[in-house]
Structures are given as C-alpha cells and as structure tokens.
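**Q** Quick one: the structure is below, and I'll ask about it shortly.
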Amino acid sequence: MEILYSPAKINLGLWIVDKRPDGYHEIFTLYHTLDFYDRIIIQEHPFLEVKTSMPEIKQEENIVYKAISLFESYTGIEQNLQVIIEKNIPVGGGLGGGSSNAATVLNYLNKKHDNILPEEKLFEIAVKLGADVPFFLKGGFAIGEGIGEKLTFLPKTLNEEIFIIYPNIKSDTKTVYSKVDKSILTNKGDLNIILSLINEYDIKKLEAYIENKLGNIALDLYPEIKEAYDFLNYLGFSPKVSGSGSCVYVIGRPTAEVEKAAAIKGWRLIKTKLK
C-alpha cells in the first residue's frame, strides 16, 4: 500500500490577455503550491477502481480514473489498482484539488514503472486532462501562460503564511469564463512590472500589483464569494480570489474577527502557507 499527498495550489494573480478563436482564453497567472493536501491511498487490486470521499462523482468521470486510463494507453501497461482519494481540498474552490490528484497519481505511476514515460509525454497526458494538471507535475512556484499549460518554473518558492476562506459554494469555471469580454483583457506589456518583481521573491511588493480579472467576474456572479471578500476588505486585509473562485485568500494570519465570522457564517477557514 502507498500513501500519497496531493497539494493544493493558489493562483496568486490571474490576468486574461486574449480570447482565442476556439473559445479558450490566453492567460497569465502565478501558480504556487500550498502546504495543504488531499490524501491518496493506492494498493493492488483485481481491477482498476477509483473511489473518493465524494460518492456523487462517477468513477468514469473522475479525473484520476481518466489519468490512469491515459497512462495505460501511452504505456500499454494495465493498472490493476484501487485508488482511494480522501478529499480535504475544497471542490470548486479554485485550489486545483482534482488536477493535483491526477498529477500526483501520474507521477507515482511513472516512478513505479521506472520512468517509462519521458517528461514531455507526461506533460502531454496532463494537458489532455486539464489546464492546471501540468503545473502539479512539478509544483512550487511557476508562471502559467497559454491556457495555463505553458509553464515557467521559478528556481525558488515563497514560504509566507496564508489563510483562505471557502464560502461553501462551488464556482463553475466555464460560467465565469463565459462572462469575459474585451474590456477586462490585459496588455502583456503591462505585466512587465510583475515579471520584474517575481525575481525578487518579495510577496509584499508583488501583492501591491497582483490582480485577478477572472476573480472579479466570480465576485459579480456569486454573492457568497463577494460577502467573504467584502468582509476581509472591511477588516483592512487585501483579499484576492484564487482562479475562478470560490476561495478567497489573504497573505498573513487570520485575526480573531476572521475566526469568529467564519464560525458564524459557516465558512471553511484554512490556515496554511506557500510551499
């Protein structure tokens, strides 16, 4: 039996730079993994079975099942395994839990089979599974471009404390992206300040310029997200939405007021750090 830990991520910032003819959007985003995980248990089994603590997700629709199936197709090696995913990362929160699960299992399978697939083939599989999956093959701190799959991994990571509010609502990424119009597109030249600050690894300097244009749409679509965001603003924090939502994050530690509000509102408060 093997136990794997599958990390969450945060989009520290996200800018939309273009809309492609195929309907997808070109983005510029800053990915960073968190010290916060799902747990995955893998053991030998008579046949492939993927189970999760969310029984409403059918096996064939589970991204981990799809990842294993693609690995089988690329290698010709049948995987008779039972995979049990214990979810801790909120679903639909913009923290990449499912994508991380898929990448973690892909890395495990490739290592188990003596790195049968070169890195570029693993990335090829990851891109087929979803825009965030390639990032999780390595994790750490990275710039994501294209639809998020064109990655520049930075040599160092940040380690600041961070807290996250999950307002107990799932944000639908497709719905959020469908509301993007030309008025919120960012000229890539305007991101030069971000590129220069990244190399200083100073989150406080970077934070002053970080935006999430997609998150602004999520705030308009989901009153629950806006309520958490506005509350943190009221307390003097600089909250940001992660990805397309629904999680709202703040660099630093939560105050007693945040702890109390989370308990009253039924929000999930996650205290972690960049890793």
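Just so it is clear, glycine is given a Cβ too, placed from its N, Cα and C backbone atoms.
So Swiss-Prot lists these for the protein:
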ACT_SITE  K9  active site
BINDING   P90, V91, G92, G93, G94, L95, G96, G97, G98, S99, S100  ATP binding site
ACT_SITE  D132  active site
**Q** Out of these binding-site residues, P90, G92, G96, G98, which one has the fewest other C-beta atoms within 10 Å of its own C-beta?
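**A** Least crowded of the binding-site residues P90, G92, G96, G98, by Cβ count within 10 Å, is G92.
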**Q** For the recorded ATP site formed by P90, V91, G92, G93, G94, L95, G96, G97, G98, S99, S100, name the remaining residues of the chain with Cβ within 8 Å of the site's Cβ center, in chain order.
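**A** Going along the sequence, the neighbours appear as A8, I89.
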**Q** Does anything in the same chain, at least 6 positions from K9 (active site), have a Cβ under 8 Å from its Cβ, and if so what?
**A** Y31, H32, T33, L34, L95, G96, S100, D132, F135, F136, G139
**Q** With every protein chain in view, how many other Cβ atoms are within 10 Å of the Cβ of D132 (active site)?
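**A** Around D132 (active site), other Cβ atoms within 10 Å: 27.
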**Q** Go through G94, S100, the listed binding-site residues, and name the one with the sparsest Cβ surroundings, counting other Cβ atoms within 10 Å.
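**A** Each of the binding-site residues G94, S100 was scored; lowest Cβ tally within 10 Å is S100.
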**Q** Using DSSP, would you call G98 (ATP binding site) helix, strand or coil?
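**A** G98 (ATP binding site) sits in a helix per DSSP.
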